[in-house]
Amino acid sequence: MSLKEEQVSIKQDPEQEERQHDQFNDVQIKQESQDHDGVDSQYTNGTQNDDSERFEAAESDVKVEPGLGMGITSSQSEKGQVLPDQPEIKFIRRQINGYVGFANLPKQWHRRSIKNGFSFNLLCVGPDGIGKTTLMKTLFNNDDIEANLVKDYEEELANDQEEEEGQGEGHENQSQEQRHKVKIKSYESVIEENGVKLNLNVIDTEGFGDFLNNDQKSWDPIIKEIDSRFDQYLDAENKINRHSINDKRIHACLYFIEPTGHYLKPLDLKFMQSVYEKCNLIPVIAKSDILTDEEILSFKKTIMNQLIQSNIELFKPPIYSNDDAENSHLSERLFSSLPYAVIGSNDIVENYSGNQVRGRSYPWGVIEVDNDNHSDFNLLKNLLIKQFMEELKERTSKILYENYRSSKLAKLGIKQDNSVFKEFDPISKQQEEKTLHEAKLAKLEIEMKTVFQQKVSEKEKKLQKSETELFARHKEMKEKLTKQLKALEDKKKQLELSINSASPNVNHSPVPTKKKGFLR
């Protein structure tokens, strides 16, 4: 064999040896997997205490046996010599088939949730006396919903009214004006059930719909309250220290519809058009026990047609890909049953079967709160609490709040560049921070001006009232003094007349008086 042929054979041998090496590795992997099938089955049957040992063994299973790779050294290949095949390198590969531990993440989340508890902010809107408070007490099975008043927007005005008590008709007119305003009150309570704590915040709207002319002023305070809670959360996110953000955003809005049985009023449609993009809207027909089943079905159909024509979107329970048929059917039923015809009562009555149930007793029978044949109370509880409370909070955070945040920042002139390779410009960053800071200052300035103007107007009213009272008092005293002066003059004239009539013949010439001094 010539030297040229030997060099060609040397160049072809590595390719052949690579193919042989791959075949040998495949056979070796199959053998190793068969050898360790029994060990893995023993591990999965309960021997989970050796996780760390097996993990270390798996890491150290990749071994390289001593030998000459490919059987050819560099010096021999340069000389053109061919050596016999040498023992090849053996690779042992293993996969970790043991228990890693991330399946315990739900348990960790459960433990953390039990420790921290949950929070839920619920807005109740409807006319006074429609049963908002009663339904809240029935939903959460707690009669102390209104025990802790956290925030009252009319508190300052009430304090001013107390200072002005007993000061005339001006106070009565002012208090009458205050009674015709929507008052927003926030109540907080901690409810515990089976070791799970819920921080419940119920926001009530007193005076809604009580105006003779229910224009935009009827729902403006409610919209401002929702926006202010979004602004508070946005300001908390922009702070340096964000570990203690208290979420006060409205997670759901229960709108109470009067049980007229006909159609929605213009006020109902206008309010729901203004609020459905800011919170999860859930309409309910209050006091539905005054309607028959046929009237309820007809009323529901009319309401849904009006909402569709007005392009008002209600909260729709999501259906996930891994949901079974029962959960999917429940989600569809919860949405198709809107608006819910509900009743509220925590009174315990006895039904016809002799069982103690929550409900109301009438001369014609007993209506049960938790009976699906009597009301949609259980559907509302499933949607609001039992099944989709976290979905309500998630939609508020990821959709409604993000839409509000984007529009808010866009109004401030802050735009986002979606390019991936974006250079950091400190000047533009500083300009954005300056814009945000100026917006905050402008907001604070507007709030301070509003408060200042309010205080000034209240002080002016007090001064005007005091001035009016002083003028009235001065006038009254002047008239009184004038009457007294006139009475004294009349009395003087009477005395003079009586003196003249008593001594008619007396000489009224002046009597000379004695002079004092030494010249008398």
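Even glycines carry a Cβ here, placed using N, Cα and C.
Listed in Swiss-Prot for this protein:
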type	residues	note
BINDING	126-133, Gly207, 287-295, Gly344, Arg360	GTP binding site
COMPBIAS	156-167	compositional bias 'Acidic residues'
DOMAIN	116-411	domain 'Septin-type G'
MOD_RES	Ser2	N-acetylserine
MOD_RES	Ser2	phosphoserine
MOD_RES	Ser9	phosphoserine
MOD_RES	Thr47	phosphothreonine
MOD_RES	Ser60	phosphoserine
MOD_RES	Ser77	phosphoserine
MOD_RES	Ser175	phosphoserine
MOD_RES	Thr468	phosphothreonine
MOD_RES	Ser509	phosphoserine
REGION	1-83	region 'Disordered'
REGION	156-181	region 'Disordered'
REGION	286-289	region 'G4 motif'
REGION	496-520	region 'Disordered'
SITE	Lys415	site 'Not sumoylated'
SITE	Lys443	site 'Not sumoylated'
When DSSP states are grouped into helix, strand and coil, how many residues of the region 'G4 motif' (286-289) land in each?
2 helix, 0 strand, 2 coil
Integer Å distance between the CA atoms belonging to Lys443 (site 'Not sumoylated') and Asp293 (GTP binding site):
51
C-alpha spacing of Thr468 (phosphothreonine) relative to Lys443 (site 'Not sumoylated'), in angstrom:
37
In whole Å, how far does the CA atom of Lys132 (GTP binding site) lie from that of Thr468 (phosphothreonine)?
44
What is the nearest of the binding-site residues Gly126, Lys287, Ile290 to Thr468 (phosphothreonine), using the Cα of each?
Gly126
Quick one: average pLDDT across the region 'G4 motif' (286-289), no decimals.
88
Which secondary structure state does DSSP assign to Gly129 (GTP binding site), in the simple three-class scheme?
coil
Cβ neighbours of Asp293 (GTP binding site) where a neighbour is any other Cβ within 10 Å:
11
